[in-house]
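Asker: According to Swiss-Prot, the protein has these features:
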BINDING   6-35  FAD binding site
ACT_SITE  His470  active site, proton acceptor
Amino acid sequence: MQQHYDYIIVGAGSAGCVLADRLSESGDHSVLLLEAGGSDKSIFIQMPTALSYPMNSEKYAWQFETDAEADLDGRRLHCPRGKVLGGSSSINGMVYVRGHACDFDEWEEQGAKGWNYQACLPYFRRAENWIDGEDEYRGGDGPLSTCAGNKMTLNPLYRAFIDAGKEAGYPETSDYNGYQQEGFGPMHMTVKNGVRASTSNAYLSRAKKRSNFKLIKGVVVQRILLEEKRAVGVEFELAGELRTCFAKNEVISSAGSIGSVQLLQLSGIGPKTVLEKAGVTPVYHLPGVGQNLQDHLEVYFQYHCQKPITLNGKLDWFSKGLIGTEWILTRKGLGATNHFESCAFIRSRAGLKWPNIQYHFLPAAMRYDGQAAFDGHGFQVHVGPNKPESRGRVEIVSANPLDKPKIQFNYLSTERDRQDWRDCIRLTREILAQPAMDEFRGEEIQPGINVATDAEIDQWVKENVESAYHPSCSCKMGADDDPMAVLDEECRVRGITNLRVVDSSVFPTIPNGNLNAPTIMVAERAADLILHKQPLPPQRSKVWLAPSWETQQRTGEPMR
C-alpha cells in the first residue's frame, strides 16, 4: 500500500466526497480518502422512497444515541450518522435546503470571517445542477442534481397545504432556496433521474476514475499522527491490522459533527479534562472541541384524512412491490421521491428577521420507523423550531475509537426554546384548520385537541419530540479572540498546523434548514482555501425579508 499522499481525508460523507473530487481534480495532488463504512450500491440507499431503511441500519449508519436528556424527562434520542460511501447524504431524507441568507451573515458575525451569504452563494451555485436550470440563485451545471420530485402532481394534499398557509396569512414562495425563503411552496430534493443524488454519486464517482486518488473502505481511524503540533498522517485499522499513512500537505477530518470531535479528542486535541478522563494524553488543550453542539428537534403533527388518497394506502407489501418494480424499470413514480414535496418556513413571532420554523409536508401518517401510524388514511407535517438556544457537547469516554462517545444536546434547556415549541404547535394547528384543508382534514391524531395549554404542550413535546438528525457546530469556526473557536475562518485547527476540519461541525450556528446543502457548500469553499485558489467573487444578490418583520409575525391576516 502506498504510504505517502499530499492530502488525507477522513470520512467519505457529505463533505469528504466533495473534497476528494475537488482536491484530486487537477491531477496534481495525490489524495487518500478513508471511510469506515462500505459500498452504497444498495436499492435501499439509491431508491428515494426507501429512505427509512438505511438510517435505521447498523450496516449503513453509526447508531448513536444521546445521554439521558434532562428536559425531555430523561429520554435518550436516536442520533444516526452515515457509515457508508456518501455518509449521511446516503441515509438522509434527501431534502435540499440551503438555509436562510441571514444564517450565513450570522456565521460571519460570530467570527467566521468571509462566510457571509454573498461569499457562500457562489459555492451553493457551483455545487448545484438544478433541474429548472441556472439563474441568479441556482446552479445549472454542478455535480449535485436537485429537483422538486414529482412536482406535487401525484397528490392534491401538497397544494392544499400551500393554500392553507396562504389562507393563514403567510406568503407563497416559488423558490425557498432563491430570493425568498419565507413562506409556503414546493420542496426540493437531491434526486437525479429518480435516484438519490448523494455526494458519493455526485462527486466521489468522478474522483474514483483518477489515478491520483485512492479510496480505502472499512477503515477505523485511530488517531491523527502529530509531530510537534503538526499533523503528519493518520493511524488506522484495516482488516485487524494497524497501519499508517502520511500526508505531505494536510490531514482533513470530514468525519461529521460526532466523528470529527471523536478523532480530534482521540488524537489529544480538545478539553484537557475530557482527554485525561478518557485516558488520552493531551497534546493541545483546545476547550471548544465537542462544545457548542446544536441540533433540530421535530414532531409529527398528524391528522386523519377523509379521502383515501394518502400513502397509507401504499404501505402493504403488494403495493410496495409495485412501486419498487416501477422504480427498477423506469426510475419513476412513487419510488422516485422522498414524498416531501411541499414545505414552509415561517417566523414564530414578530421581531424575528428571518424564519425559525420549518415544515415538511407528507401525504401519509407514519411512525419514526417508517411504519403506518394507524389503520386508515392520514397526513402529517414534520415541524419544529430551527434556531434553538440550547447547546450541548460531545466527549469521548475512552481511547478506543469504537466506544460510542457521550452525546448531550441539552434539548429544550432554555425558556425561549420551550416557548418556541408552544408557538410552533399553536401556529401549526391554526394553519391546518384553514379552509383549503377542509375536504381532507379529519380528526387531529396528535398532539390531539386536548393538548392546548402551555403545560399540556410542554409535556406532549417532552414525550414525543425526536431529533431531525441535524447534529452540528461542535468544532466551530470563530475569531482569534474566541476561546471556544476550534477553527479559524479557513477551517484550520487552532494550534495545530496542516490539520483542518471540513463538515457540519464547523458551523458556528445551526442554519434554518436541513444540513446537507450547507455542508456541501462548506466543502466546496474549503477546497478552494485548501488549494490556495482565489475564492469565487462574492455575489450581491437581493434577499427578501418581510417588510414588517419587526412588528408583525406574518404578512397577512388569517381567514380563520
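All positions are counted from 1 along the displayed chain.
Placement of Cβ uses the backbone N, Cα and C atoms for every residue, glycine included.
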Asker: Are there any residues in the same chain, six or more apart in sequence, whose C-beta is under 8 angstroms from the C-beta of Asp6 (FAD binding site), and if so which?
Answerer: Leu23, His29, Ser30, Val31, Ala247, Lys248, Asn249
Asker: Rounded to the nearest Å, what's the C-alpha distance separating Val10 (FAD binding site) and His470 (active site, proton acceptor)? Just drop the number here, would you?
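Answerer: About 20 Å separates the two Cα atoms.
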Asker: With the cut-off set at 10 Å between Cβ atoms, which of these binding-site residues ends up with the most neighbours? Options: Ser26, Ser30.
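Answerer: Per the Cβ count, the most surrounded site is Ser30.
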Asker: Is Val10 (FAD binding site) helix, strand or coil when read with DSSP?
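Answerer: Where Val10 (FAD binding site) sits, the three-state DSSP reduction gives strand.
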Asker: By a 10 A CB contact count over all chains shown, which of the binding-site residues listed here is most packed: Val10, Val18, Leu34?
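Answerer: Answer by Cβ density within 10 Å: Val18.
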Asker: Do you know offhand how many angstrom separate Ser26 (FAD binding site) and His470 (active site, proton acceptor) by C-alpha?
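Answerer: With the alpha carbons as reference points, the distance is 33 Å.
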Asker: If you count other Cβ atoms within 10 Å of each one's Cβ, which of the binding-site residues Ser14, Arg22 has the most?
Answerer: Ser14
Asker: For the residue listed as 'active site, proton acceptor', what is the tally of other C-beta atoms lying within 10 angstroms of its C-beta?
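Answerer: Within a 10 Å radius of the Cβ of the residue listed as 'active site, proton acceptor' lie 23 other Cβ atoms.
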Asker: Measuring Cα to Cα, tell me the gap between Leu34 (FAD binding site) and His470 (active site, proton acceptor) in whole angstrom.
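Answerer: Approximately 23 Å lies between the Cα of Leu34 (FAD binding site) and that of His470 (active site, proton acceptor).
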